[in-house]
Amino acid sequence: MRQNYDDRKIVKQYREIARQIVKKEGLYKNMDQAELCEQTNFWREKFKTKPMTDRDKINIFALAREAASRIIGLDAVVVQLIGALVLGDGKVAEMKTGEGKTLMSLFVMFIEVMRGNRVHLVTANEYLARRDREEIGQVLEYLGVSVALNESGLDIAQKKAIYTADVIYGTASEFGFDYLRDNMVRQKEDKVQSGLDFVLIDEADSILIDEARTPLLISDRKEEDLSLYHTANKLVKKMMKDDYEMEEHKRFVWLNDAGIEKAQKFWGVESLYSAEAQSELRITMLLMRAHFLMHKDKDYVVLDDEVLIIDPHTGRALPGRRFNDGLHQAIEAKEGVEVKEESRTLATITIQNYFRMYKKISGMTGTAKTEEEEFRQIYNMDVVVIPTNLRVNREDMQDDIFYTKKEKGRAIVYEVSWRYEKGQPTLIGTSSIKSNEWISGLLDAAGIPHQVLNAKNHAQEAEIIAKAGKRGMVTLATNMAGRGTDIKLDPDVHKLGGLAVIGTERHESRRIDLQLMGRSGRRGDPGFSKFMISLEDDLLEQFESKSWEKLSTKLKRKAPRDGKPVNSRKIHAVVVDAQKRLEGANYDIRKDLLSYDEVIDLQRKMVYKERDLLLERNKLGVSSEKILREVAEYSFIHPSDIPEEELEIYYSRQKELLGGTKFPISFDQVTLMDPREVVEEIVSWHKKERNKFPAETIAAIEREVYLNLMDQMWVMHLDAMVQLREGIHLRAYGQQDPLVMYQKEGAQLFEKFQADYHFYFAHALLELDPDGLIQG
């Protein structure tokens, strides 16, 4: 993207500082490593008591620049230093691919460590984390800064050691899972994360936007009748188009009146929306999503009788990841493979809410300006476009738009064939495995040798990408495979025009198109890019616009069938409009997810805060007597004029509180006593029993029981919130705002959760026996 006025203003301001940093290159030239480490210690100590000035920044950057020159032989150029200064302001730096973002990260991490902050560097995958830790980590270590790599599969002791480092490399999911696991421990000493000071996110658009739709989940197996999925599959397979309504771009499908009647008859229920039919309704809706919204070889792939999710932004399969809330099981039933047990959520957080907990956040990527509004609204981060060190030498052509996919396919083969014959390497980008395999078949038929990269063979990704810049190589890849790694050109390829990039479809986001184009023309290399699309592509087929429907029908009817592109201004404008609308719809989905998660987020923070206090104090924050009194009063004291059916609820609660406990008065006697007298008897008896225990022992027992019950009830509450979330959109058709209803009913469920674990804690207190154990 081009710089706007604000970007130019910021860059101009920082260019002068960057030039001063370069001028300081002689300052540390004659110092040995020990002296450079002394400088590091000097700056660390200084900023414990004093603020950092621009002059300090210049000297610190110059120190890091000297170390990088010595250790990895790279001298940071002015634009890299400008980018690092932008990152230091808590912004997103958009820097073209191949311009040296990895080296840029060194400076902002080093300066944040000097400020006394612990730094987390987040990358898209463990391979990149390991690679960058080795390259930049050695420079930081040379300067006396400790560096660690946060990997999955480590034990608590190893994790604790990692989190003592000044700079920690890792993936978003691993840092997020560590946070969730920390809030499931039973002892304070088992927590590993030590403060969320500063996070620098590489490929920020991918992590903060693309991955934001998928929450992080820790789960275990959930008991469920899996045969219902196969049964519901039979129903959905028989459904006709007039049984349901669908908004595919919003990923939403629902039964209309005809469909409801058919489903009720199939399940043998009077009402599909009755409490008794909740499981049948839920699983029917899941199977409808699986059949009508989830597409094989686009959203998922079936390999070795297993359903694997396809990352929509990279085209990679994600082994070990499953769609949550029963959708994965529904797809398994649809595809006729083994339906595996659904997981039950133990802890969850969205990427957005995890990273918003850091005191300071910065990001770097090759493409972010198109999503600046989202970065601002959700993360409070501006995006600044950093100029390139060398002029971009890539030729970006206008799209060729064809009437049909068949015509498009022929044109792509022709375009690739003449480039192949002259030896120019070509990268062909597709948006799905299906499209990838279709183009591959056309190339095979034309006798053009090529290598294929998609979710089915992504294990060979590094090897395939390494060959993509070789003379005469044709590479066919889904989306952004190989992102984060360079396609290096053979020396003789430059005179042939560099790497040619052919896009076969416009993606859901202009940003992903720009990423594909950005594979070519790196660091001043020559290059070429062009999109070859058709009126039958998903983007235009699903575009809902009356004027476009009329124009599309007219164009297809009058198509000359000569295989030439349409290429009218009007159609190019439609493509841009369709893409912008889809971007807006996807942004709304992410905002929607965040709005719903903010309800859980507030509840989660309250629960985790109480947990932390329990672990810190090693005893309850309030007296057990106070909790018992409140529960007893809630159970026994009620208005004298309450209806008979509500009175039954009170009796039931009283029986549950006292049933199976050591309380010496029988329930028959209790019913004859004054309710306030019962409360006092319960409290005084518990007090007497409690005093039989040593103070430390009883405090430890109460804390353990309270913590255990809170954790158990929290898991049940999360499950209830999932069920509420799944059904809440049905309210939209009852003239009620589903989000408002979710907030209201979610708050009621949270109050119930708190009341429940207090109730069962009170019950447990009455089960204390003289040996100091909790029975039952």
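Every residue, even glycine, has its Cβ placed from backbone N, Cα and C.
Keep in mind that what you see is a predicted model, and the values were worked out from it rather than measured.
Here is what Swiss-Prot records for this protein:
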type: BINDING; residues: Q80, G98, E99, G100, K101, T102, D486; note: ATP binding site
Distance in Å spanning the most remote Cα pair of Q80, G98, E99, G100, K101, T102, D486, given for ATP: 18
Neighbour-count leader, CB within 10 A, binding-site residues: E99, D486: E99
Binding-site residues compared (Q80, T102) - the one with the fewest other Cβ atoms within 10 Å: T102
Of G98, G100 (the binding-site residues), the residue whose Cβ has the fewest other Cβ atoms within 10 Å: G100
Structural state of E99 (ATP binding site), classified by DSSP into three states: coil
Local Cβ density at K101 (ATP binding site) - other Cβ atoms counted within 10 Å: 24
Assigned conformation of Q80 (ATP binding site) - DSSP reduced to three states: helix
